[in-house]
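Taken from TrEMBL, the feature [2Fe-2S] cluster binding site covers B:90, B:95, B:129, B:133.
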Ligand code: SF4
Ligand code: SF4
Ligand code: FES
Ligand code: FES
């Protein structure tokens, strides 16, 4: 539309200003730098402190442009593009000598104390400072031999600091404090001695801290996990990924090389993650390199090759006494492949081992089109239920933005929350009271569209059901966005939420079925007491993580990890997104004697692929062995075509689960309410790093606290608590006090809840021990 | 240091209630009391140690990082023990032209430790403009008295006096 040329051409569509004669379109409210960045991939104006999420500061003085006033009275003047509001017909110059000289001088100033350590700096190859310095044309500088030096801090396992590289753009502290609401990081000192860091050494506390590596335009903050497996960024193959670690489905850019996945960075999706990732999304990928990741198939206690194990499994399936279990954290095709296999064998299939979890999934599917995460900031009234910040750690970014725009945020919670600072109304409640409190909130008249943000791990299906039934009576545009830690819950459960879990259990508890083939879900990790009381069921597991039952299972088949295969995932909005294969695992070794161990490719080694089969391939192989290939294929195609009206490709913004397909889940009657008593009850304690897969990421997981039972301070002198499961087994946990949590509530990690067969909100009779 | 430290022993209750009054006075913006609290605590103790930093953070309802940001930004707040006396010599432009660098060198030589460090009895600190430019070079003694202009002789006597005291 707007052509570049010497003679300014007027753009018919948008308002424009002119930079070196080129018409630049802009939107009202944009500044000049912003408009130029939006117009071109590479800005011709160098800059540092401006960041699209944080706006302008005018701190670095790098983005000068010459403004030519139209009044004929004032001479042209140099001004900062990031502080200059874009306005119609503004005449600006960048390419002239005076401006260029200015850019060079500022570069020189910023580089004066900068160490010459680019060859050993992890930022090299993606360094904004390097790019801008080169772009400004600055090459030689004078400096006094003594450079300013800092003692850098040890900031934990995820982020490395090298403070001498700082150019004081203030991006880090603006991100950490203003956007992420972090309290343990700041800017100290003044003049040329400012220091960006913590009060003292120690891991950064914010679940968004990893973004510092991307926000910092130089090598002050770099990715420590990437550093362990470092290769220059230009040596990495990057792809379009989808974060599998929660229901938000942030878009990622995994970077891999030479058979190893080395890092994950953010890939902007305007509706989901415009700028940032949480640390679970950034560092959780390391589960692929977990030391105990299973790589060896076994059957009946003996290690065997995959083909023999498949033979054995197929023979077992042919007996017709097997049930099937899918997984809400596995991709769509893997679930459908297993589902199709169950269908052709006419065997029971469920996506959840727990009927309670299944009922919640049904309610989630029944929700009419939940709003996109990035839309949260547009709501004027928001009710937050549960620990959404622990479940989906990027959400506080949007809530903070909503708060800054004046939104009224109400908070109903059992655990301490960083959202307290944003909430006008903040209630601490036991989980069983959340529903009534939500009801009270709805009872206050709300005239504007509002949003309910629900941590569906803290609540039961009855809450979701009763609230979603009301949606029709709410102001238009209101909605519910549920969050949970499974990356593909709607996709996995679409065909399996009508009492499938109960039927699966009934089948296994009876005499007709004695074998369960589970993909990416370990029944023992879903309901301990039930599983313990049905010890005669043989379990076959297909997974890429060593779950609780792995070592004792009747048969195990390790499969490729999510990033090692393509995948389709439905996020919490019901948006289907595609992830490309991020890498093909391989080992670098001597091609002449591989048994001597790793040997670098660069030194003449060879790459040996170590790719495990995908779940779809395993299902196909089973279907073949059973002589059911064609019927399986047909089934798979049928279920797939029904669900996928159009299929997104990696990098696409995604397609939504059609409304009419969601509608059928609305017919269900209310799940039975649970009895509540006035005594002690349990809620789920979780750390932001926690998620089934991410728990295998060593560096991230090292930040999670040890297992304990947390209670509000001053309630108990005891040092330990014993809780009993219905089957008589018990668990003794150390008691820890947690300020600002609900009274008479024991907050317990998921693994313990499951072992005891407890759900959040269940009443317990704790036995206090010294 | 980011974990709260007990201040029960080191801050007397009368002082604590005075601090609380100051915070109450700030009404719905307790964080506005931060400078006053630091001033009071420094007057009482000579400097702000980690415990006092935590106390101020707690009383003002802000993070210790925020308090430290402030302390390290303002040269009048001391985060290290300066000894019994503090001499601040202005090194901003007017005083610089009127001989402040020479005075600072002298002070370093006489105190035996670099600028900003305590020799056990006192510290000499360079300081930004004290607002006494017309009487440069200016100095600020023990956070109370100004001396302007400060002559080399006056400086020598002042420091000698402090040394004798110890
Ligand atoms: S540490 Fe990085 S982001 Fe922070 S001010 Fe320095 S250069 Fe900017
Ligand atoms: S865990 Fe959730 S919030 Fe974090 S990056 Fe992944 S999808 Fe986004
Ligand atoms: S980007 Fe404009 S002053 Fe830094
Ligand atoms: S320059 Fe020293 S008092 Fe102003």
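Cβ atoms here come from the backbone N, Cα and C positions, even for glycine.
According to its DSSP assignment, residue B:95 ([2Fe-2S] cluster binding site) is helical. Same-chain residues with CB within 8 A of the center of the B:90, B:95, B:129, B:133 CB atoms, the [2Fe-2S] cluster site residues themselves not counted, are B:91, B:92, B:93, B:94, B:96, B:100, B:128, B:130, B:131, B:132, B:136, B:137, B:138. Taking the Cβ of residue B:90 ([2Fe-2S] cluster binding site) as reference, residues of its chain lying under 8 Å away and at least six apart in sequence are, in sequence order, B:100, B:126, B:127, B:128, B:129, B:130, B:132, B:136, B:137, B:138, B:139, B:140. The binding-site residues considered are B:95, B:129, B:133; of these, B:129 has the fewest other C-beta atoms within 10 angstroms of its C-beta.
In the three-state DSSP scheme, residue B:90 ([2Fe-2S] cluster binding site) is classed as strand.
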